[in-house]
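Written below as structure tokens is the structure these notes are about.
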Amino acid sequence: MTTRSLTRRVTTGRSAFIGVALVVALFAALTLSLTIGSRTTTLLTVVDALTHADPTNGDHAVVLARIPRTLTGLIVGAALGLAGAGMQGITRNPLADPGVLGVNAGASLAVVGGIYLLGAQSINVFMWFAFAGAAAAALVVYLVASLGREGATPIKLALAGAALAAGLSSIMSAILMLSQEALDTFRFWQVGTLGARSLEDIARVAPYVAIGALIVLASSHSLNALSLGEDTARGLGTNVHRARIIAGLGVVLLCGGAVALAGPIAFVGLVIPHAVRLLAGSSYLRVLPLSLLAGPVLLLTADVIGRVILPPTEVQVGVMTALIGAPVFIWLIRSRKKVGL
């Protein structure tokens with residue numbers, strides 16, 4: 001057995017172990033999300049409520065009320081974790097995420113525009129505005145970065161995204177200053193929350209998130225090729241522009257769905273891919289599915305902590321992810337050895 005094949009077997013075994021550990025952690029996070037809050041219930045009560053629901057039973061009613069919140073955390077966390085990994089692969093930039101590259105800002109501005117111009121209040125309207133805004137922002141970033149002889153290089157994509165995010169945020173602030181109604185509606189949604197959606201809302205958004213996830217997961221080989229550099233990727237037969245556009249479409253669907261359901265939530269898409277690479281290596285065949293699992297673990301855990309840290313009030317999950325994600329990200333950057341993208 002060669003050294004390369006032995007190393008590959010060790011890496012595969014470690015990735016499988018990490019995957020199993022994340023599945024266990026995800027199950028634990030789902031359980032905590034259903035049991036912990038202003039009123040704590042037991043796991044047996046959760047199982048009983050899920051299998052023999054009795055709305056007249058107070059404990060059952062609490063569990064049933066937490067199901068939409070838990071499912072929102074599961075879907076949004078998976079979407080953000082996978083979108084962050086995909087975005088970093090597209091740009092070959094380890095600091096890229098949907099927020100940094102302006103995709104979240106585009107989705108948020110579109111939602112604010114819908115609130116201001118149309119008085120939008122429902123998830124149906126939020127969803128389509130979020131998708132349109134995310135797609136438009138991604139397209140503008142790519143077109144601007146493509147100007148010049150070198151095309152859309154990682155550095156140009158990052159700079160274009162940062163500039164667009166700043167500009168869109170300024171426009172959004174101006175709109176909110178003009179409309180108190182838009183400000184009141186947007187203020188609660190802006191910080192990121194998991195508790196504002198029904199099962200019907202989730203059912204409307206979930207198919208688009210699932211399609212986006214499949215597209216990004218199917219792009220793993222292309223992202224691996226891109227990580228070697230554009231010239232090498234072309235030499236391997238990869239159409240660089242097409243690979244970025246296809247993966248970018250998946251990221252747009254993931255980001256639009258996440259923003260429509262929970263608002264803009266920071267750090268999940270930035271921290272999760274870094275942590276996964278530190279543990280499992282840089283191949284996107286491993287990074288993408290493990291990020292899909294790790295995202296909801298972080299988001300649901302942050303939401304549970306936010307429920308109990310300042311009783312009887314709750315801290316919104318967007319605040320908690322920033323409080324948890326910022327120091328964790330700094331620690332990852334300081335402690336990790338250089339891991340290639």
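Counting starts with 1 at the first residue shown.
The backbone N, Cα and C atoms fix where each Cβ goes, and this holds for glycine too.
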Which listed span TrEMBL calls transmembrane segment, if the choices are 99-119, 183-203: 99-119
Report, as numbers and ranges, every residue of the chain located at least six residues beyond the transmembrane segment (284-309) whose Cβ falls under 8 Å of a Cβ in that stretch; write 'none' if there are none. 11, 15, 18-19, 22-23, 25-26, 29-30, 32-33, 36-38, 69-70, 73-82, 84-86, 89, 194, 213, 216-217, 219-221, 223-224, 227, 265, 268-269, 271-273, 275-277, 315-317, 319-321, 324-325
The transmembrane segment (125-145) vs the transmembrane segment (245-272): 3 or more CB pairs under 8 Å: yes
Return yes if the transmembrane segment (99-119) and the transmembrane segment (16-36) have at least 3 CB pairs under 8 Å (sequence gap of 6 or more), otherwise no. no
Please give the sequence-distant neighbours of the transmembrane segment (16-36): residues at least 6 beyond its ends with Cβ less than 8 Å from one of its Cβ atoms. 42-43, 45-46, 63, 66-67, 69-70, 73-74, 276, 279-280, 289-290, 293-294, 296-297, 300-301, 303-304, 307-308
For the transmembrane segment (245-272), could you work out the same-chain residues 6 or more beyond its ends whose Cβ comes under 8 Å from its Cβ atoms? 72, 75-77, 79-87, 89-90, 95, 97-100, 103-105, 107-108, 111, 123, 126-127, 129-135, 138, 142, 189-194, 196-197, 201-202, 205-206, 208-209, 211-216, 219, 222-223, 291, 294-295, 298-299, 317-318, 321-322, 324-326, 328-329, 332
